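Features of the protein shown, as given by TrEMBL:
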- 177-256: region 'Disordered' (REGION)
- 189-214: compositional bias 'Polar residues' (COMPBIAS)
- 218-227: compositional bias 'Gly residues' (COMPBIAS)
- 260-360: domain 'Fibronectin type-III' (DOMAIN)
- 364-455: domain 'Fibronectin type-III' (DOMAIN)
- 459-552: domain 'Fibronectin type-III' (DOMAIN)
- 538-566: region 'Disordered' (REGION)
- 556-650: domain 'Fibronectin type-III' (DOMAIN)
- 651-747: domain 'Fibronectin type-III' (DOMAIN)
- 748-841: domain 'Fibronectin type-III' (DOMAIN)
- 853-939: domain 'Fibronectin type-III' (DOMAIN)
- 940-1035: domain 'Fibronectin type-III' (DOMAIN)
- 1038-1135: domain 'Fibronectin type-III' (DOMAIN)
- 1160-1185: transmembrane segment (TRANSMEM)
């Protein structure tokens, strides 16, 4: 394929040139093939620019055909190329002349469109006219399914031309799935198939006729006629045609690497087992060795015990490297081989390893056989068992001595037969056998039982019938007399059927003492005889006995049929005997009857041998069901088919008299009735109800229909009526029922007439009336309705009388009345309304009379001597009211005009009066009204004496009268305190029940004027005289703390703030000094400073000052002093101290002292509050909680 082809020995060996999937460029197809260059080989090609390129192996060179045609194939001498087409793939195979193919893989003749390229007989390959397959630029990794492996010693060139248009990914996926499926099938079949009897699963597995060991799949002796290629072709025939292309791709994958597995090792060889182990296989590719993990391989172990060329059996398939070969035969030569299989590497078979199992004790021999017996001896014989590699030297025979006890030795030696003598007749003996060699004793054989000869048993007693059936007989028997219970007997029962002509036939053979013979003929006599057997023979037969089976139940008779005419009360039926009488005559027939509507209740109406019967006493128009069954010696038959017959119908019978449903009404009666007791065999279709006022009167039909209840209306209350009823069916009407007399209920009375009214006087009238029709029930009472309005009357009388006097009427008033009657049935209607007007009379009593309160009066009245009353005008009773009489006190009477109010004057204060009033008209005076009680108020109180109990410069505390200082709820007297203002007017400063009041916010040394008034329910009293009270003068205000200024060493000047004169009064000051606890006055005068001298050095002093007011009055000169100022503390010091510092020190000491005093006061107050709280808690705990 190059311009200068190399020599033949340098020509690369192209194992396989697979064709890649073609590439489509427009309409032209470019096909690509893959050239594989093995290690150590060189592939020479010519590039497009004319240069020669040599590619060293290993390498994969993709080549592309520009026109899609098959390239010219140049093969070396001695080789030939053939075109093979499988499953749409064309393959060019280059192989030597001597290559053999599997018959199934002979290539078909090449298609006409594919040229057949023959090999050239030159030593050098000729030049091709042009490079047919230029290299594909940018060659990358090719799919593994296009790389095929072949053994190196053989030269084959494969060109695949795919005519299919599959995508690369789809074809790759299908090939991988097929490879996995084939691997699973091979592993599954490895457990059961014999590898040597089936076509090899790998090209490496070949059978070498020179018995040379197999290593790495290549024979070491002769090259073999088939070679790996033949084995590969055979392997390809396995599977379906669809799998061939996938198998070829899978084999090409495996050919990339060579697998080698070492010879297995056999250890721990026992008589029936051995341990087999092997190493992991090693794969070699491109001259390099690779190791694999155990999980990557599946190992198969095959074993043969018929020589190296014998039949191998697969005993293990798995991934373990050590197994135990079980179930081996002792002292046997075995040959073992191990094959390794992987999904990606070709299968490899190890060398054969041979071993021989150990010898052991013999196998268990077969049980000894009986060859002869007498009454006193048993002759036995046996065969040797497998000796397992060591010759059998002796046999051990054991027996139980006929006692069914433990086994004992009866023979030990090398012979294979033995005779037991001096035995008991008819006795059972158990025996067993074992074999012995130099290794040991075998196990015992199965235990056998043999009997010595004896005498035949005597004839047994004949069998006895236990129970007989229709098709079976149960028999039993007892052992013959004189036979021991230990003797083993069997029995044979013979039977002869009466009239069969076959004689006695055996029916039972066994050791039981009873037997049940089945499938016999019914009502048949059988003869029986019995034999007894033992080991010596058969006894004489027993006496012949005869037993019979029972007859069977007869079949059902025929269906009953009607014989003659069907009447309303009877029917005649007949029937035929059963077709099968069960083997005995029918003794009696039973006829049963059942009403069709009742259900499965059957009554027997006839029993006897006759086959017809007249059924009487039936109901007309009723459906009956009839059936027949018979009885024989065999039992009771099944009932026949049911016949249904219906008797003819007749008119219905008389109904019961109708009755009253519910309660009778005055004008309506509801009748109720039931169907007749005899409906005549047909459903009732309708009823007719007839009525008459009496039995002699003419009847009239009031109802016709299917209902069983009817309401007869338009009747009179309290009357008696006669009723009849008839029923009808489809045949006609039945007779009348009995008479039913039913009365209507009594009704309420009729409407009363208009009552008669007679006036007796102005306040009473007499009402009378007549009695109406009672409607069947006596009138029990009358009701009189009375009222002033016709539509609003009420019952004023209820009773049996027919007149009533109405009293308490209002004169000159119109009244309405009406009457109704009542009996036990109800209340009648009211009669017409009567009208009456009473005559005029004196006025009615005043109904409303009350006392007027003070706020209801138009003018103010002295309530201590006057009472004001008011009333409403009463009814005049037909005559106008002209005046009123008022009675009060001790029946004092006063007459007033036609007014509705009046004031009673000149009454006594604080006095209770009873007051009532009456009206007057032209007929006279009316009755007095009800009395009211009224009391005049007392006179107003006098003013109390007013005095001042506490004087102050800005307040006055006043007191008056005798009483508490605080107000009492029950105190009726109130006080009004007034004070004169600056305009000379008195204004109220207090009003209430208290007896004291403090007037505040007053000016000092000022006179104020007061007056007081008392008032209560009786009114306000007069004011008192005017009282004058003067406030006191106010003391001066508190001064600030004085200041101490040091002038000399022991001299201080004390200064304080001045006060202005108070209302012309002069101000004087008092200065006090304290060196210890007590203060001493050191100055008094109007000055605001003072000089202290002769003070001690380094001594603490306190000073304070207060202001006083000097005034002149009628009593003389008075002084009023105010409070002292806060204390000022200072210490006498030397002169060098700066006066300003002394001032600051003094002020600081003063402020500190003041702060200490305030803190002390706060602490004292806090402690006081705490003590009080504790005391309160103790009191509450002790007195309240406990």
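Glycine is treated like the rest: Cβ placed from N, Cα and C.
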Notebook entry, point to check: What mean pLDDT does the predicted model reach across the domain 'Fibronectin type-III' (459-552)?
Noted result: 88
Next item on the list: Provide the three-state DSSP residue tally for the domain 'Fibronectin type-III' (853-939): helix first, then strand, then coil.
Entry: 3 helix, 38 strand, 46 coil
Next item on the list: For the domain 'Fibronectin type-III' (1038-1135), give the DSSP counts of helix residues, strand residues and coil residues.
Entry: 0 helix, 56 strand, 42 coil
Check: Under DSSP, the region 'Disordered' (538-566) has how many residues in helix, strand and coil?
Finding: 0 helix, 7 strand, 22 coil
